[in-house]
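*Asks:* Feature list, courtesy of TrEMBL:
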type	residues	note
BINDING	H185, E284	Fe(2+) binding site
Amino acid sequence: MKKGVLLTNLGTPESDSISDVRRYLREFLHDKRVIDLPAVLRTILVECFILPFRPKKSAHAYQSIWGENGSPLLRISERIAEKLQQKLGEDYVVSLGMRYGSPSLKTALDPLKDLREITIIPLFPEYSSAATGSAIEAALAHIMTWQIIPELTVIRDFYQYNEFIEAYADQIRQTPASYYLFSYHGLPERQLIKGGCAEICNPVCKPINKENHFCYRAQCYETTRLITEKLGLNESQYTQSFQSRLGKTPWIRPYTDEMLTRLANDGITDLAVVCPSFVADCLETLEEIGIQAQKQWQQLTGQQLKVIPCINDHDQFIDLLVNLSR
């Protein structure tokens, strides 16, 4: 009997048009795990204050990275799924579904419906309710409508696995720099507290332990520690920040744009940025860092910002997915 593997990523608009971006943002922002407010407040915020304005700006950002084959995130995710299928062989069925947009999770799960076992792998290294939790909840909701529920294995996070760490270390080795900035996707502080963090540690999180092992911010700091340890970097050669904040509520700090200013003021010029909360290059890495942060850094220092690619379909990352699937 074949085994199924569901890979899921965040998603992408159908195209870079304003209408498709608006449709994608509506689905994304109405997720109760993404904007964790009461339904009425979330609807007012999204429909009255975000969707009338945000789609045009976001569409322009997507247009700056959109390729001949469409969304970079989708194309890279497809390559990851194809390579995993090749490695696992005919005893497995690998399917790719996006939490928002296409291919949908339902479309991805349909070919796995009659299988005895399914492994669900959200492609998010560190756990967050807004990304990993939402993907798992949505996948399970589809599966629970089936008459026969298969044996299920759910991968909650994988930042701590050596193959992931080595894949990112290898990417960093290919872009030597005097100083490295590890930039992770941010979250509202309230989501950390709701997830069990008694306090937002300052300036950095305590090492992973039984009390904070679910904390997204702590997992990010542990990811940085593991990668820099693998590279032999000391604390004078790197720092960490969080990007992609939305709205005026406090998000986890330090913020990436503010960190760039601080580093420039400290005299850093040869800077490389790496984004280990993403496995596939996407809007947040290609546009937010590759274009917006690049422009900011050049204005601050007159120097080129080195942007390190995500691990994408790196062989060691595929090896990790093979091991997680079996």
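Cβ atoms are placed via backbone N, Cα and C, with glycine included.
A TrEMBL annotation is a machine prediction, not a hand-curated record.
A quick note: this is a predicted structure, and the numbers were derived from the prediction, not measured.
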*Asks:* Would you find the one among the binding-site residues H185, E284 whose Cβ has the most company, meaning other Cβ atoms within 10 Å?
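*Replies:* It comes out as H185.
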*Asks:* Once the DSSP letters are reduced so that anything not helix or strand counts as coil, what is E284 (Fe(2+) binding site)?
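*Replies:* Looking at the DSSP assignment, E284 (Fe(2+) binding site) belongs to a helix.
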